[in-house]
Ligand SMILES: *Cc1c(COP(=O)(O)O)cnc(C)c1O
């Protein structure tokens, strides 16, 4: 099968003293030439695709995650000269009109995509979703009221623990005893009208579950950590008084976090006094998210992703595509006679993060290794859960999911 090829590349181990030669160059499925560059990593050359058609990998990473190729190319073109200003956006003052406009337009576009009007404000900040876990109870604390938490996975539990650290917090519903394999019921939460807010995680990134409906919390503000599913599906975002997301799943690269806050809630937060300025939501609102130096480049990338989302036809079109992608993978799982064993109850499965187990850890390990040799990345489950997780965020194309479904069928045939 091997053609006459140059010798395999000889490269040094990263730590290494002696140059080492790994395995051999070989064909995968007679279609793709694999050239090992280090253990577990190959260059791929497709047959009949002309010279050096080095491909991008099928990226199923949970976050930071895939970005649309179109967006990366756009950023590449503008990298050293943003809007003919003779410098990169990364080199610009955040007090310049270009950057001010960038922030303004980014916020407007996000509201538009989410179907929200001017009764909401978009705040951008650093610190990730994890900082929101702390900031939210800190800003609510002086009201003297407790935050209520729906605990459905490890991120929502982290949010709850941070709130407990700050002050008063209660669990309204939890599926911890079910090992997060199902979602807790949210129809009959023991709500107290005097609660500061109800917090929930709309998509549980690590476990792979996703809420399809949301509690009616009446006058109590509902707050959603939507880090791993904002923009991925049509929901009535107006049901949330605030939703937040760090960017590295669906919105862009890591470095920026958005909090979309209804203005009446912002008014409540504005009364807080016992809190350093940098931790107050009202500071970000007053200074248009530029109280101090903001993550300008991350916001710029997010804007490109938002524009891309709009070009795809907005959230509705994206959701349809996400549904097709998830059906492919879950289809393979459900027709595998238990070879692939879905972690989450069917009715609660996530379209973003699909999780399953296999016969044993050795098999799972082999699945991951072989997937890497076949051009996939990021499929190992979270270290706290194990198993396999395929994260198919908005920017992961249908073709990548198709390739994964085919690989799963093939793997099962060889190992089932
Ligand atoms: C990734 C993630 C987080 C943590 O985000 P950081 O930006 O790393 O702090 C929190 N919640 C959810 C739902 C996530 O997916």
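Every residue gets a Cβ built from N, Cα and C, even glycine.
A coil conformation is recorded for residue 95 (L-glutamate binding site) in the three-state DSSP classification, outside any helix or strand. The L-glutamate binding site feature in TrEMBL is assigned to 95.
Here TrEMBL flags 129, 130, 155, 205, 225, 248, 292, 293 as pyridoxal 5'-phosphate binding site. Listed in sequence order, the residues of the same chain lying 6 or more apart from residue 248 (pyridoxal 5'-phosphate binding site) and placing their CB within less than 8 Å of its CB are 63, 64, 65, 254, 255.
The feature domain 'Aminotransferase class V' is assigned by TrEMBL to 57-392. Over the domain 'Aminotransferase class V' (57-392), the average per-residue pLDDT in this prediction is 97.
Annotation comment: TrEMBL describes 249 as N6-(pyridoxal phosphate)lysine. Counted within 10 Å of its Cβ, the other Cβ atoms near residue 249 (N6-(pyridoxal phosphate)lysine) come to 30, all protein chains included.
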Least Cβ-crowded entry, counting other Cβ within 10 Å, from the binding-site residues listed as 130, 205, 293: 293
Length of the line joining the Cα atoms of residue 249 (N6-(pyridoxal phosphate)lysine) and residue 155 (pyridoxal 5'-phosphate binding site), in Å: 14
Residue 95 (L-glutamate binding site) and residue 155 (pyridoxal 5'-phosphate binding site), Cα-Cα, nearest whole angstrom: 35
Distance-selected binding-site residues near ligand 1 (C-beta under 6 Å), from 95, 225, 293: 225
Residue 292 (pyridoxal 5'-phosphate binding site) to residue 95 (L-glutamate binding site) - Cα separation in whole Å: 10
